[in-house]
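Asks: When I checked TrEMBL for this same protein, it listed these features:
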TRANSMEM  21-40  transmembrane segment
TRANSMEM  60-79  transmembrane segment
TRANSMEM  88-107  transmembrane segment
TRANSMEM  113-133  transmembrane segment
Amino acid sequence: MSMVIGAETIAKLETQPRGKVIAYWTVTLLLAAAVMLSGIGQLMQYGGNIELVKNLGYPLYVLTILGIWKVLGAVALVVPGFPRLKEWVHAGIFFLMTGAALSHAFASDYGDYGFALILPLSYAALNFASWALRPKSRKL
């Protein structure tokens with residue numbers, strides 16, 4: 001038995017413009033890499049993470065908690081399936097990054113040229129772009 005695909009069947013298939021798919025994966029992989037690397041850095045307490053947390057007035061164990069959540073969230077963004085989990089990860093990244101920017105602002109810790117505010121808000125923007133560009137298979 002041969003399968004013949006008619007015009008109606010083809011029209012019903014879920015298709016998405018190729019550019020949108022490429023944009024989604026580019027943004028999502030950049031976001032996942034940034035979140036993964038910062039999570040690993042926090043878990044290893046690499047670089048200025050300890051000084052940063054102390055300057056903001058948080059206890060050091062916050063690095064471990066945030067590091068674990070970031071690594072798990074980055075993995076969840078790129079694995080297939082689990083659309084509800086992905087929604088939660090996007091929400092978590094948004095709250096995490098905007099909270100980081102606000103923590104720096106309230107502590108008057110802007111960094112050089114406002115970098116301490118610009119970086120987390122850039123990640124929040126990447127997160128929003130990833131969420132907005134997601135294909136139908138990744139939506140609830």
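Cβ atoms here come from the backbone N, Cα and C positions, even for glycine.
Thinking about packing and proximity, how do these listed features fit into the structure?
Replies: Cβ atoms under 8 Å from those of the transmembrane segment (21-40) belong to residues 46, 66-71, 73-75, 77-78, 93, 123, 126-127, 129-130, 133-135 of the same chain, restricted to positions at least 6 beyond its ends.
Beyond the ends of the transmembrane segment (88-107), by six or more residues, the same chain brings 31, 35, 55-58, 66, 69-70, 73, 76-77, 116-117, 120-121, 123-124, 127-128, 130-131 to within a C-beta distance below 8 angstroms of the stretch.
Long-range contacts of the transmembrane segment (113-133) within the same chain, counting only residues at least 6 positions beyond its ends with a Cβ under 8 Å from a Cβ of the stretch, are 20, 23-24, 27-28, 30-31, 34-35, 77, 90, 93-94, 97-98, 100-101, 104-105.
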